[in-house]
Amino acid sequence: MPVQGSQRRLLGSLNSTPTAPPHLGLAANQTGARCLEVSIPDGLFLSLGLVSLVENVLVVTAIAKNRNLHSPMYCFICCLALSDLLVSGSNMLETAVILLLEAGALAARAAVVQQLDNVIDVITCSSMLSSLCFLGAIAVDRYISIFYALRYHSIVTLPRARRAVAAIWVASVLFSMLFIAYYDHAAVLLCLVVFFLAMLVLMAVLYIHMLVRACQHAQGIARLHKRQRPAHQGFGLKGAATLTILLGIFFLCWGPFFLHLTLIVLCPQHPTCSCIFKNFNLFLALIICNAIIDPLIYAFRSQELRRTLKEVLLCSW
């Protein structure tokens, strides 16, 4: 969702300082600092959004079609796909509207454009917040399934999962509305950053604990079968690599955006921070890339879901 046109404001306030946005570029020029600015064309935004949209629509359709996938785990995966779908869809809508406005193909009053922009703001922000929440919910669900396997079905029931999903969506919408209304308050931005760090720590702690338990389990099996130590080490390295990829992708895709928010609070007028602000569009593109990667990590690895997806595609043809 690039912030280039005069009518574009969706999260555009984050692409400048809250106090004096026009001076960002001037500060960089005065100091002679060289800024590395990565330009993200509108066509690339539309392409990334379309890929993410198709992927996540397929995930939601497959889970809705197969009753065997109507479990708490797939409920969270479906909601994650829906959140990513909304992130991509709202981004594509905003980009398309701005392109039409700039080309003169769409005529609209400023008040109408402002209202549309506000709606897209809320959809985008709430879907981003809910996406982070559902990533955390999936981690908690997997943790309970491993460490409380015998009690899992009594702890994580479908009604409880549905209540959790409803609470996440309601909270995401409410907080996104507060964020849009009070985006120029440092406390609001810091709350978003703290929320991201909390999700990162939660996922890291849970997945690392799960990896340690899996390695201990593999070591016990190796002792029973009197296998050599390298086999256990190989399993540990594979698990560590998988964990690194999972958390690394999460941090690389979401981290720059929340670093941007942090710098707005800490150094809004500093030339170096001003250079980082210029790459706001890149940070948003990384979030859309995360929406593309999420189905590959959490959904398409399921054999049952892939089988249902094949049936859906064959029936559509």
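In case you wondered, yes, glycine gets a Cβ from its N, Cα and C as well.
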I'd like to check whether ARG34 and GLU311, as annotated in Swiss-Prot, sit on the same side of the membrane - that is, whether they share a topological domain name.
no
Labelled N-linked glycosylation site in Swiss-Prot - which residue from ASN15, ASN29 would that be?
ASN29
So which range, 73-93, 220-240, gets flagged transmembrane segment in Swiss-Prot?
73-93
For which of the residue intervals 97-118, 119-140 does Swiss-Prot record transmembrane segment?
119-140
Would you call the transmembrane segment (38-63) and the transmembrane segment (280-300) in contact, using three or more Cβ pairs under 8 Å, pairs 6 or more apart in sequence?
yes
Checking 73-93, 119-140, 192-211, 241-266, 280-300 against the transmembrane segment (164-183) for Cβ pairs under 8 Å, the most are found for 119-140
Long-range environment of the topological domain 'Cytoplasmic' (301-317) - Cβ separation under 8 angstroms, sequence gap at least 6
58-59, 61-63, 65-66, 68-69, 74
Give the number of CB atoms, excluding that of CYS315 (S-palmitoyl cysteine) itself, located within 10 Å of its CB.
8
Would you mind listing the long-range same-chain contacts of the topological domain 'Cytoplasmic' (141-163), meaning Cβ under 8 Å and 6+ residues beyond its ends?
70-73, 75-76, 206, 209-210, 213-214
With the transmembrane segment (119-140) as the reference, find which of 73-93, 192-211, 241-266, 280-300 contributes the most Cβ pairs under 8 Å.
73-93
Restricted to the topological domain 'Cytoplasmic' (64-72), the mean pLDDT of the model is 91
